[in-house]
Amino acid sequence: MKVLVLFSVLFLTLFSYSSTEAIDEFDSDAEDDMLSLMANEQVRAKACTPRLHDCSHDRHSCCRGELFKDVCYCFYPEGEDITEVCSCQQPKSHKYIEKVVDKAKTVVG
């Protein structure tokens, strides 16, 4: 029984050592691949639409505020049922949350 326990401990030790060697080799290869991909990366961010500007061309292009992204709201002007007007606006709940965070920052320091 003691011999069986001794061999199982020896086997587990060798197995864990061999698996860590394989993981280390895999990590170094993955790091090299990641570095080569990052070197070839190009910036492809498109320009965002500022607050209160027309966003009808792309409703997901509104810029970010201090904490949250602005939302594209679409509506029909009073008296017109045909033309839809869209603009990037900050929701009131986000405005209130940003005010609370600003007040907390000034109080805390």
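Heads up, the Cβ atoms here are built off N, Cα and C, so glycines get one too.
Pulled from Swiss-Prot:
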SIGNAL    1-22  signal peptide
REGION    45-88  region 'Knottin domain'
DISULFID  CYS48-CYS63  disulfide bond
DISULFID  CYS55-CYS72  disulfide bond
DISULFID  CYS62-CYS88  disulfide bond
DISULFID  CYS74-CYS86  disulfide bond
REGION    89-108  region 'Linear cationic cytotoxin domain'
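Locations of recorded Swiss-Prot features on the structure.
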residue	record	DSSP (3 states)
CYS48	disulfide bond	coil
CYS55	disulfide bond	coil
CYS62	disulfide bond	strand
CYS72	disulfide bond	strand
CYS86	disulfide bond	strand
| task | Pop the Cα-Cα gap between CYS72 (disulfide bond) and CYS62 (disulfide bond) into the table, whole Å please. | result | 7
| said: Rank the disulfide-bonded residues CYS62, CYS72, CYS88 by how many other Cβ atoms lie within 10 Å of each Cβ and give me the one with the fewest. | reply: CYS72
| query | Which one is it: of the disulfide-bonded residues CYS48, CYS74, CYS88, whose Cα lies the shortest distance from the Cα of CYS55 (disulfide bond)? | reply | CYS88
| Candidate disulfide-bonded residues CYS48, CYS63, CYS72, CYS74, pick with smallest Cα gap to CYS88 (disulfide bond) | CYS72
| said: Out of CYS63, CYS74, which of these disulfide-bonded residues shows the lowest number of other CB atoms within 10 Å of its CB? | reply: CYS74
| query | Given CYS48 (disulfide bond) and CYS72 (disulfide bond), what distance in Å do their CA atoms have, once rounded to a whole number? | reply | 12
| task | For CYS48 (disulfide bond), just count the other CB atoms lying within 10 A of its CB, please. | result | 17
